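I have placed the structure first, in the form of structure tokens, so that the comments after it can refer back to it.
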Amino acid sequence: MSGTGGSRTGRSRAGVPAWAVLRSEWTKLRSVRSTWWCTVVYLVVVVAFGWLAAASTPAAVRADLAVGVAMTGFGFGQLVLVVLGVLAVSAEFATGSALVSLTVVPRRTRLLAAKTVVVAGWAALLTTVLALSCWLAARTLTAVPGGVPLGDPDVLRELGLQVASAVLVTVLAVGLGTVLRSTAGGVGLGVALVFVLPPVLALAGGEPASRVSQGLPALRVGEDAFLAVPTAWPVGLVVCGAWALGAWAIGSVLLERRDV
């Protein structure tokens, strides 16, 4: 009897296995309509803008520039990732199902980490497929001396940065959703930080506004006159990463301290 009781206590302390938490989060993500609506809109926007931009660019001097033009749609596609990430958290609190999840997995940071891995992983998978589609558009529709080989280091950097940008934006959105627990508030703040304020401040003129715009999470890889913020990609990657990790960390702390 004591051995059985000890075994049960050990399993209770160990909690739900990590793979089970991940599987549960994946089930929740794919079982809601908003996930598939976001997925469809993301695919359509990026592909449509990408192929249109590539078709409108008959020639480019370098392969990475051709690919960058074809990835213009990702600037608008990030809006969808913000919605996806925020809804993954806020929808659970809106319906009350978050209480069930927190009861089953009392280690709240672990639960949030699993949700983040699943949502960001889905965003990374979609973005990888779409980035390859943009590369194909550039290769097919834009004339470049030497072609647009997939193995070109500059091309691979563009594609990799786009996937990294998508992951960081999604993590930022999950963090905002956890902090605010409001779909409207999380999406509104995320859109302002990622999409509205960076280019508006960059175009406003003046050194202070320009510096503020460069300190916002706007890692742009595609070539777009409006969406692009004049920041080198290493700096943009660090800034966007800091925002994403900061929002997620604050959300994790608040999730642990709140009653529900």
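Using the three backbone atoms N, Cα and C, a Cβ is placed for every residue, glycine included.
Just so you know, TrEMBL annotations never went through curation; they're auto-generated.
Features reported for this protein in TrEMBL:
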- 36-56: transmembrane segment (TRANSMEM)
- 76-105: transmembrane segment (TRANSMEM)
- 117-139: transmembrane segment (TRANSMEM)
- 159-180: transmembrane segment (TRANSMEM)
- 187-205: transmembrane segment (TRANSMEM)
- 225-255: transmembrane segment (TRANSMEM)
Interface-richest range of 36-56, 76-105, 117-139, 159-180, 187-205 toward the transmembrane segment (225-255), CB pairs under 8 Å: 159-180
Dominant neighbour of the transmembrane segment (159-180) in 36-56, 76-105, 117-139, 187-205, by Cβ pairs under 8 Å: 76-105
Recorded stretch that, among 76-105, 117-139, 187-205, has the most CB pairs under 8 Å to the transmembrane segment (36-56): 117-139
